[in-house]
Amino acid sequence: MAKSGLAARLYRGEADLNIVGKRKLWFGVAGALVLIAVLSFAFNGFKLGIEFAGGNSFQVPASVGTLDRAETVVDDALAKEAPGVEVVTAQKVGGAGGETYEMRTGQLSQEQANAAKTAMAQEFGIQADQISGSQVSEAWGSQVTSRAFLGLLIFLAVVSIYLVLRFEWRMAVAAIVSLLTNLVLTSGIYSLVGFEVTPSTIIGFLTILGFALYDVVVVFDKVQENTRGITANNNLTYGEASNLALNQSLMRSLNTSVVALLPVGGLLFIGAGLLGAGTLKDLGLVLFVGMAVAFLTSILLATPLLVLLKNQDPRISAHNKRVLSRRAAVARGEVTPKGAPRPAPTGDQPVDPDAALAGVAPKVGARPTGKRPSGARGGRPGGGGGNRPGGAKRR
Amino acid sequence: MRPGRQLAVLGFIFVVLYLLVFFSGGASGGWKDRLEPRLGLDLIGGTRMTLEATNTVDGKPPTAENLEEARQIIESRVNAYGVAEAEVVTEGNRNIVISLPGQNRDLTDVGEAAELRFRKVLKAADGSGAAAAPAPSPSVSAAPPGSVKPSGSASPKPSGSASPKASASAKVTASPSAGGQGGMAPAPSASATPTPSASPSAAAPSPSASAEPVPQSIEQQRQAVQQKVGAAAWAAASGLQAPADLTADPSLADKLKPFGTLSPQEIAVLTPEMQFNVPTITCAQLDKRPAGSIKDPKQKAVACEAGAKNLLDVAKVEGTDVKNASAQLDQTSSWVVSLNFTGGGQEKWTALTRESFNNEGQACDQTALGQDGKCRVAVVLDNKIVSSPEIQGVLTGDSQITGSFDNKSANALASQLRYGALPVTFEPQESQNVTATLGDSHLKAGLLAAGIGMLLVIIYSFFYYRLLGSVIFLSLVLSALLVFGALVVLGRSIGFTLTLAGIAGMIVSLGVAADSFVIYFERLKDEIREGRSPRSAVPRAWIRARRTIISANAITLMSAVVLYIVSVGAVKGFAFALGLATVLDLVVVFLFRHPIMTMFARTRAFLSPRVSGLGRALPARSAESGTARNPRVKEA
C-alpha cells in the first residue's frame, strides 16, 4: 500500500512529504555540493571545446577524393601523431582558386601539425606542401562569453526586482539563491565529470535560467496563496503552510519536469546514440542535467530557504510561537481543538518530531483562503478511508 | 471575450502569418521554396571571406591583441546584419576569416576601412569632374531635421547637382553639449556621376610647386605619371593654385583631360594639391585609391564626401588617440556618437578643435567652412570622409558627433571609429563558398529528435490527462506551425537563421510550452477536487493559472530580452529564438487553449474520469474503480 498510496497522494497533492521540516538536511547537502563544485572549479577546471580554445586547420585539395575519405585520413593521421586530437568540423571550400577541404582540429603543437601534415600527404599520395595548415582562433570569442555573463548578471538584477514586486523580497532572495545554486551545481557536474563545454552548452545553460525560476515561481505562487492572512488564525505555522503548498504543487512540479525532460531526453538519445557527439548531445546533456537539478533545487532548496528567511520576520515568528503554544495546550488537553479529533499519525509516516508536524500541517485550514466552506470537508469524512486510514486526517 | 472570438483572432493571426510566408517581400520560387526557413552556417554552409591584416606602422603582422580586437569589431559588425549567426575567427597571425550563412553573399563592406584620421577641412571643391566651379546651391542647405537655425545663407556650399544626404550632416559638440546650439547645414554634396566637360583654353603654365618632400619611390612613380599625362598637362596641373574653373578657361580642361584617365593607383601618387586642384580627377577615382593611400598623418590629403572633394590638413589627431566611441541617445532622444580620447589624444583633440573653432590663420577656405563659419573637421576612414562635422566649441572633454543619425548609422559610425582606432589595415581576399559543417545527417537527426520528443510528450499527456491530452496535442501542433511560419518570415525580413542549436532550442521550448498546460490542468484538478462542477471550475482555474503562467513566462521573456540586448553572436540568436517561442506560447495559451477548454467544459464527457482524467481528482467517487488503477498510471 505504501507505494501506490504515495502515488495516489501525490496525485491529489496530499503526499505529506515533510520537506520544509528537514530543511537543515537540504541546506547541509546543498552546501556540501556547492563546496565540492567550487573546489572542482578551482582544481579541475573545465574541458573547453575547440570553439573556445582555438585549434588548427588543414586545407587539403579536393582532388584527393570525397570529403568523408579526407576526414577519415586526417583523423587517422592525427591519431598517429597527436593522440586525443580529432577533426571537429570538415567543410568543402570552393572558390576561383579551386576547391579544397578544410578540416578544423583540436590544438596541435607546431611539430605535431607538421608531422600530421606529412602523414596525411603520404596517405593521400600528394606533396606535403599541397596541404596547408594554420592555427585558428576560437570562433566563440571571450567577448561572447563575457557578454553572456554580463547578461546573466543584468537578468538576475531585473528578475530580482520583478520578484520583489510580484512577491516580496524574501521570496526573491530564496528564488535567486536557489537559481544560483542550480547554476553552480550544474557547472559543478560539468567540471567534475569532465563533459566538454561547447557553445551549445553555454546556450543550454542559459535556457536553464528561465526554467529553474519558472519552477520556483510556480511553487511560490502556491505558497503565497496558502499563507495569505496566515497570522489571522492559529492553525498553521508558516513552515507548515509552505510545506503544504509544496506538497500540493509537487505533482505539478513533477509533471512539468517530466514533460520538459521528455523532449530533452529525445535530443540526448538521438544526439549521443545516433550521432555520437555534437550540438544535439551537448545541448541535450546540459539541459537534462540542469533541469533535473532545477527540479530538485526548486523543491528542496527554494521553499525551505524561504521559510528560514520568513521565520526571521518578527510577525511570522510570533505567529509561529502562538501556533505552537496553542498546539501544546491542545495536546495537554487545556483547550479543545476546533476541528474534529485527529487520528494519530499512521505507520507510513516517518516517526520524528518534524514528521509529526507535517502530519499536523495539512489537517486544518488546508486552504487559508477560506473560500471553501468547512462543510465540504465534513461532507465526506470517510473519503478515501476505505483503504487508506491516513487519508482521513486530511479531509 | 467569447471563446469563438478568441479562436477567430488566432485564425486571423494564422492567415496573416502564412500570407506573409507565401507572399511577403523576398518570397519567390515555387511553394516549396517559399516554405523554406533560412538555415544556419552549420546546416547549409555559406560564404567565407578572408581579410589579410597589415600593421600600418611597420608593415609587419599586427600584434595578437590588435588582431583579436579587430576580430571582435568585425564580428559585431557582421552580426549587425541581423541575427544570423556568423563565424569570425583569426587564422594564423594575420588573417581574419569571416563566414556567413547563405551562398554567394556579398561581404565586401564587412572588412572595409581601417585607418582613422581627424583632419581639418581646408578647402572644398566639386568632385564630380563637372565643369561648374563650386557655387552656392540652395538645395543642399536644407537643414537636417531638428536643426535649430535656418541655413542657406552666406556660406557657399560647393555642389553640382545636389542631392543632400542626411547622414552627411553632422556637428561636434562637447558632451554634454557645450557650444552646439546652431543647426548644421548638410555637408557639401554633389551628384557623383563624373561628366568631364572639355572646352579648350590656354593657361599659363607655371613651375611645379610640390610642397612636401616625398620619398624617392613615390617621386619615381610620379614621374611615370607625368610621362603618361604628358608634360603640358602636368605643367598645367602643377601650376594650379586653386581648383581650376574650367568654364572660365575652356582650354585648360583639354589640357587636364588626361588626368581623368588615370588609374586610382596613379592618382594616389600625385600631390594632394594636384589631386584637389585638378577638376578632371573625380571622386570616383579618389574613392578607389588603394587602402592606406592617405594614411600618412604628416601629409595633407584629399578625400571625398558625398561627391565633394575636400582638401584636408595634416592629421593632428589619429585613430589611435581615440579610446572609445559609442552610439548613444542624447537627452532629446536623437542618436549621437560619443567620442572618448586617450590622455595624449585629448590634448591633441583640444588643440585641433581650438584652431578649428577660431579658424586660426584663416587656414580654412570660405568653401570649407561650416554653416556657423567655423572650420569643419573631417573624420577620415581609409580614403573616405565618414563625417565632417563643424566644430562648435573648444572641446576639452568627451565629445559628441550629432547629426541626423538613426540607431543604425550611429552604431555604424561608432563601430568604424573604434575599428579605425586600430593600427591595422585589411586587404580583403576573394570570397569563397563553404559547405555545411554538420549537414544533412545532423539536420535529419535533429528533426528526428524533435519528432521523438514531441511523441513522448504527447503520449505522456494522453496517459495522464486522457482526452485532455488532445488539447495539448493540438496546441503543440499549433505552436509548431506558428513557430515555423515565424521562422520563415523572420528569416527573410531580419535574416534570422536557424542553426542546429536553434532547432534543439525550439524542441525544448515546445516541451516547456506543454508545461503551461500542466499548470492549468493541475489547477483545474484542484478546483474539481474542491467540489466545483467542471463548468465553473474552468473559468476559476483559468484565472488562477493565468497569473502563474504569465509570471513564469514573464521571467523567461525577461531573460530573453536581457540576453538579446546585452550579448553578442550566437547567444543573441539564441535569446531571440527563446523570446519568440515564449511569445508564441502565450499566444497559443490565450487564444487557443482557454477558449477550447471553455467549450470543452460544456460537454458532458468532460466529467467522466475515463475521458478527461479530471474526474479522478474526486477521491470519493472514484474510490471503487479509480484507486486501483490510477496509481500505476501516474508512476509511468
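Glycine is treated like the rest: Cβ placed from N, Cα and C.
It should be emphasised that the depicted structure is a prediction, and the values quoted were computed from it without experimental measurement.
Features reported for this protein in TrEMBL:
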- B:129-211: compositional bias 'Low complexity' (COMPBIAS)
- B:68-121: domain 'Protein translocase subunit SecDF P1' (DOMAIN)
- B:315-424: domain 'SecDF P1 head subdomain' (DOMAIN)
- B:427-600: domain 'Protein export membrane protein SecD/SecF C-terminal' (DOMAIN)
- B:129-225: region 'Disordered' (REGION)
- B:445-464: transmembrane segment (TRANSMEM)
- B:471-490: transmembrane segment (TRANSMEM)
- B:496-521: transmembrane segment (TRANSMEM)
- B:549-567: transmembrane segment (TRANSMEM)
- B:573-592: transmembrane segment (TRANSMEM)
Candidates B:445-464, B:549-567, B:573-592; stretch with most C-beta pairs under 8 Å toward the transmembrane segment (B:471-490): B:573-592
For the domain 'Protein translocase subunit SecDF P1' (B:68-121), the mean pLDDT of the predicted model: 70
Number of helical, extended and coil residues in the domain 'SecDF P1 head subdomain' (B:315-424), per DSSP: 39 helix, 39 strand, 32 coil
Residue numbers, six or more beyond the limits of the transmembrane segment (B:573-592), whose CB comes under 8 Å of its CB atoms: 6-7, 9-10, 13, 83-85, 474-475, 478-479, 482-483, 486, 490, 496-497, 499, 501-502, 505-506, 509-510, 512-513, 516, 520, 549-550, 553, 556-557, 559-564, 567
